[in-house]
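The structure under discussion appears below in the form of structure tokens.
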Amino acid sequence: MALISMRQMLDHAAEFGYGVPAFNVNNLEQMRAIMEAADKTDSPVIVQASAGARKYAGAPFLRHLILAAIEEFPHIPVCMHQDHGTSPDVCQRSIQLGFSSVMMDGSLREDGKTPADYDYNVRVTQQTVAFAHACGVSVEGELGCLGSLETGMAGEEDGVGAEGVLDHSQLLTDPEEAADFVAKTKVDALAIAIGTSHGAYKFTNPPTGDTLSIQRIKEIHARIPDTHLVMHGSSSVPQEWLKIINEYGGEIGETYGVPVEEIVEGIKYGVRKVNIDTDLRLASTGAIREFLAKNPSEFDPRKYFAKTVAAMRDICIARYEAFGTAGNASKIKPISLEGMFQRYASGELDPKIN
């Protein structure tokens, strides 16, 4: 079984200059779409359980869903990642369940809504890194708050995210603070704030440099070249699926996501993990609406669920190809979590700060 750490996967991505889409998973259909796309394109996989997914399906169910995928596709390296942990305890529980990577989101207090101060973020992230690395498990941290540079509004996903209007400094990660944070915590990956937000309503117009700061990615990467950067809220919000949803009874207003070409530009400057959820939700919803509208007498869920798998699989394939992930699964030689622990303990994986 090819369950590997996020650190190993992203180190490989950095060495060969590609990015890895990290898809949220809630159910069988999403899991199958992701794995079938990876199988077709020879792509390594990061699947993640968000706070909402853990509440909806339960972490043990998600764990076994992911392990089943690994069993069926043993040739595909898979990282099982816990997204947006709101406390070290949450992360510790995920490690006990067998997750190979966790995110400690110390940018927010334990309620998942109140922006935290810097010292709190450092402290809880340090705690998480200490016990995670002792198990060979990777840790993603976060610095800055997700939200729109266009409106100043914070972004929320599945009950996790700051509330209300944030100031500009909170919405853009400071490169010097990022360097200090990585030096103190030794996180493997860092989620940064550059103007993206969770959900479908990211931008009211196609984003520009004023609302999506690729320049900030470049500045942060220059300071912490060996730390893998993470873009959250990076769905592209396919306009074709918005059109289908609204054509068959939906009421989603005009909205735009993060253009794929902007993500590709970010990958050139250290972005290695790209979080995607909304795109799969839109494709799934559109496929169901269209099928039921065209087949009003059908009531077998397997028939419309099969349509969702195909729709989501196409998006996954497109992202694997665009981000350069395709063709790399077979090149990764899995390292056990015990092996990763030995590398952490030796200091081999300590971050480099410029």
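Glycine is treated like the rest: Cβ placed from N, Cα and C.
What Swiss-Prot annotates here:
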- Ser50: D-glyceraldehyde 3-phosphate binding site (BINDING)
- Asp83: active site, proton donor (ACT_SITE)
- His84, His198, His232: Zn(2+) 1 binding site (BINDING)
- Asp105, Glu142: Zn(2+) 2 binding site (BINDING)
- Gly199, Gly233, Ser234, Ser235, Asn275, Ile276, Asp277, Thr278: dihydroxyacetone phosphate binding site (BINDING)
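A distance of 7 Å separates the Cα atom of Ile276 (dihydroxyacetone phosphate binding site) from that of His232 (Zn(2+) 1 binding site).
Thr278 (dihydroxyacetone phosphate binding site) falls within a helix when secondary structure is assigned with DSSP.
The Cα of Asp277 (dihydroxyacetone phosphate binding site) lies closest to that of Ser50, out of the binding-site residues Ser50, His84, Asp105, Glu142. All chains included, 26 other C-beta atoms sit within 10 angstroms of the C-beta of Glu142 (Zn(2+) 2 binding site).
Rounded to a whole number, the C-alpha distance linking Ser235 (dihydroxyacetone phosphate binding site) with His84 (Zn(2+) 1 binding site) is 17 angstrom. Asp83 (active site, proton donor) has Ser50, Asp105 nearby among the binding-site residues Ser50, Asp105, Thr278, counting only those with a Cα within 10 angstroms of its own Cα.
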